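Here is the structure we will look at.
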Amino acid sequence: MTGTSLTDTSSGLYFRDHSQGWLLRAQKQISYEVRLRDGIFRPECTDLLEQGAGTPGRSRRFVVVDSNVDLMYGNRIRSYFDYHGVDCSIMVVEANETLKNLETATRIVDEIDAFGIARRKEPLIVIGGGVLMDIVGLVASLYRRGAPFVRVPTTLIGLVDAGVGVKTGVNFNGHKNRLGTYTPADLTLLDRQFLATLDRRHIGNGLAEILKIALIKDLSLFAALEEHGPTLLDEKFQGSTAAGDRAARSVLHSAIHGMLDELQPNLWEAELERCVDYGHTFSPTVEMRALPELLHGEAVCVDMALTTVIAWRRGLLTEAQRDRIFAVMAALELPSWHPILDPDVLVNALQDTVRHRDGLQRLPLPVGIGGVTFVNDVTPRELEAAVTLQQELGDARTPKTSGDRGGRNL
């Protein structure tokens with residue numbers, strides 16, 4: 001309707017040329033809460049039941065629980081809902097990147113239909129890691145064109161990244177999160193006590209996303225990881241010592257606040273230059289091609305190592321800063337190189353990211369430690385030179401683990 005006369009009806013509805021055309025403008029107010037709580041399944045803790053409303057006599061909830069979480073916490077979860085008189089159906093789902101697909105999503109929809117949730121007053125509840133939260137978030141966004149839901153992340157990467165934003169999605173056609181929506185959970189409850197049963201590798205996996213925030217916006221957070229990273233790995237954010245507890249609380253708060261601070265003004269990604277995309281230019285392709293060898297945070301760390309080298313070669317970092325970054329990656333027991341990093345793979349990854357970012361690279365690079373800039377001119381030759389140096393630095397820094405590299409993603 002550009003260039004035509006619009007008549008305002010004072011209600012957000014406009015008509016043109018004696019009602020031969022209309023323009024409707026509407027806004028939707030979005031708010032959601034992220035809350036830190038220790039021990040959310042204690043009987044006296046009612047945070048999980050605040051959303052929605054009960055039906056006469058008894059409230060009802062449909063709960064999706066990760067299969068590993070169910071093994072460790074299933075009895076406690078069921079006892080909690082029984083204690084509060086909640087009629088709940090618990091669906092146990094195996095969730096990993098290979099099962100993050102439409103088939104898993106539609107299985108959940110089938111079970112929701114069988115349970116018969118009320119559209120608005122019986123929010124879905126998801127308890128699990130980032131993969132399961134992404135799937136259930138997508139289901140919630142599509143079910144009856146939008147159902148409320150509550151998230152309880154049980155992994156570190158869920159607490160600091162996947163559980164605090166609004167993205168949902170599943171993998172499709174070999175691409176990570178190719179199908180998805182922007183749908184906030186009504187409430188996210190972050191309980192670090194779940195991390196006590198997480199294996200060491202998955203603590204490191206989440207620390208990679210914390211390191212991302214540190215490198216692009218928070219030098220003090222980087223210094224905290226530099227000083228306390230091994231303790232956080234050892235104590236799994238449980239605060240077994242007074243110093244470890246202070247570090248765990250401070251690092252979690254800084255990482256979550258930093259992420260939300262970046263998301264809030266650009267929640268729907270109208271602006272495609274996003275500093276929180278640091279580490280996510282090459283990693284989606286690298287992660288999918290390396291499945292199941294690399295976890296998400298590990299792929300992000302490999303990406304950050306590559307872009308750290310690119311930044312150093314461009315004079316955005318000193319050699320000392322570059323080496324500090326690689327040293328922290330090693331201290332957090334994260335990989336800083338992987339054999340999948342063939343130059344052709346990286347070029348293909350960058351091309352796909354350019355399409356995702358609407359025709360430009362919009363590649364975030366660290367400026368010093370705690371700053372960021374965006375570039376659009378990285379070349380295949382530059383990638384090849386950078387990954388060669390990355391391999392030299394990564395081979396020297398990446399810890400050689402002898403134990404199981406798998407583990408439960410609770």
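Using the three backbone atoms N, Cα and C, a Cβ is placed for every residue, glycine included.
The active site annotation in Swiss-Prot covers Lys167. Sequence-distant contacts of Lys167 (active site), defined by Cβ-Cβ distance under 8 angstroms and a gap of at least six in the same chain, are Asp134, Gly137, Asn177, Gly180, Thr181, Tyr182.
In the three-state DSSP classification, Leu195 (NAD(+) binding site) falls within a helix. Residues or ranges marked as NAD(+) binding site by Swiss-Prot: Asp66, 97-100, 130-134, 154-155, Lys167, Lys176, 194-197.
Summarising the annotation, Swiss-Prot assigns divalent metal cation binding site to Glu209, His280, His296 and lists similarity to another entry as the type of evidence. Sequence-distant neighbours of His280 (divalent metal cation binding site) (same chain, six or more apart, CB under 8 Å from its CB) are Val300, Asp303, listed in sequence order.
In the three-state DSSP assignment, the secondary structure recorded for Lys167 (active site) is strand. Same-chain neighbours of the divalent metal cation site beyond Glu209, His280, His296, judged by a C-beta within 8 angstroms of the site's C-beta center, are, in sequence order, Ile157, Asp161, Ala208, Lys212, Gly279, Ser283, Gly297, Ala299, Val300.
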